[in-house]
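These notes concern the structure reproduced below.
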Amino acid sequence: MERANNTSLEGFILVGVSDHPQLEMIFFVVILFLYLLTLVGNLTIILLSSLDARLHTPMYFFLSNLSSLDLAFTTSSVPQMLVNLWGSDKTISYAGCVTQLYVFLWLGATECILLVVMAYDRYVTVCRPLHYTAIMNPRRCWLLAAIAWLGGLGNSVVQSTFTVQLPLCGNWRLDSFLCEEPAVIKLACGDTSLNEAVLSGVCTFFTAIPLGLIVISYCHIARAVLQIRSVEGRRKAFNTCLSHLLVVLLFYGSAIYGYLLPARTSSQDQGKFISLFYSVVTPMVNPLIYTLRNKEVKGALRRLLAKGREAS
């Protein structure tokens, strides 16, 4: 209790790039620009999926969930980053840091599960097209989405609660842009081997198993696509899955590098910038991947803009 009271008074110091002050304004402008793109891109997908009846399908239901998740994911950390980069005050309150830790772990684990759900949707689309409507009915879609969100929340409650019990012994400098678990564990002055083992085990569970399921689903998809005789049919099936695959590679690649490898193979600065990548860049890139390659989304956007011009 004494530790918590002291921390709540002092807060944590997010080091970021404060050791290179000449870079702070550059980072501020770049991160602000990427954050605005993230807001516009993800809000656009959510809006289109809600307003356009042609997008009221399971694929866009899950895509709206992904966009909502990305909005919350980036908003849980970026505003604080911008505040710290703009001025001389680099602190974040104890309550703010703990909240950020819980939310970040919750949404990160949720995205791991949600990407598996989206891979399952693609599998049913390509491999079971005649039964797609029956299998991916609204009730099942809501159930799968709930499993993703609640599964991520359960992971966060366990991991974060375990982490905040560590004794910090007056060390409040987080060598990171945000309050994430690896950085917080490094502040502890006691034995952190159990925390590191739990972190490694949970991260392996939330990456290896979902990624394995995604690979299995795409092996079935690839086999089904190769059996399609029509070149146009193969191209359409391939395009249906490519956007999701790109998102999977971006998310899991940065998550594995940021949470499973840095202690062994990378420096602290590399870990910092990887965390910046998956908290700022990935949520911005996701809507671009889905909109730039998706004729349905671009068509829905044109129809919405046309209605706006007619109304004005």
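Glycine is treated like the rest: Cβ placed from N, Cα and C.
These come from TrEMBL:
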type	residues	note
TRANSMEM	25-48	transmembrane segment
DOMAIN	41-290	domain 'G-protein coupled receptors family 1 profile'
TRANSMEM	60-81	transmembrane segment
TRANSMEM	101-120	transmembrane segment
TRANSMEM	141-158	transmembrane segment
TRANSMEM	197-221	transmembrane segment
TRANSMEM	242-261	transmembrane segment
TRANSMEM	273-292	transmembrane segment
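Between the transmembrane segment (60-81) and the stretches 25-48, 141-158, 242-261, Cβ pairs under 8 Å are most numerous for 25-48.
When pLDDT values are averaged over the domain 'G-protein coupled receptors family 1 profile' (41-290), the model yields 83. Sequence-distant contacts of the transmembrane segment (101-120) (same chain, six or more residues past either end, CB-CB distance under 8 Å): 59, 62-63, 65-66, 69-70, 72-73, 76-77, 144-145, 147-149, 151-153, 155-157, 159-160, 163-164, 178-181, 184, 206-207, 210, 213-214, 217-218, 244, 247-248, 251-252, 255, 279. Between the transmembrane segment (25-48) and the stretches 197-221, 242-261, 273-292, the greatest number of Cβ pairs separated by less than 8 Å involves 273-292.
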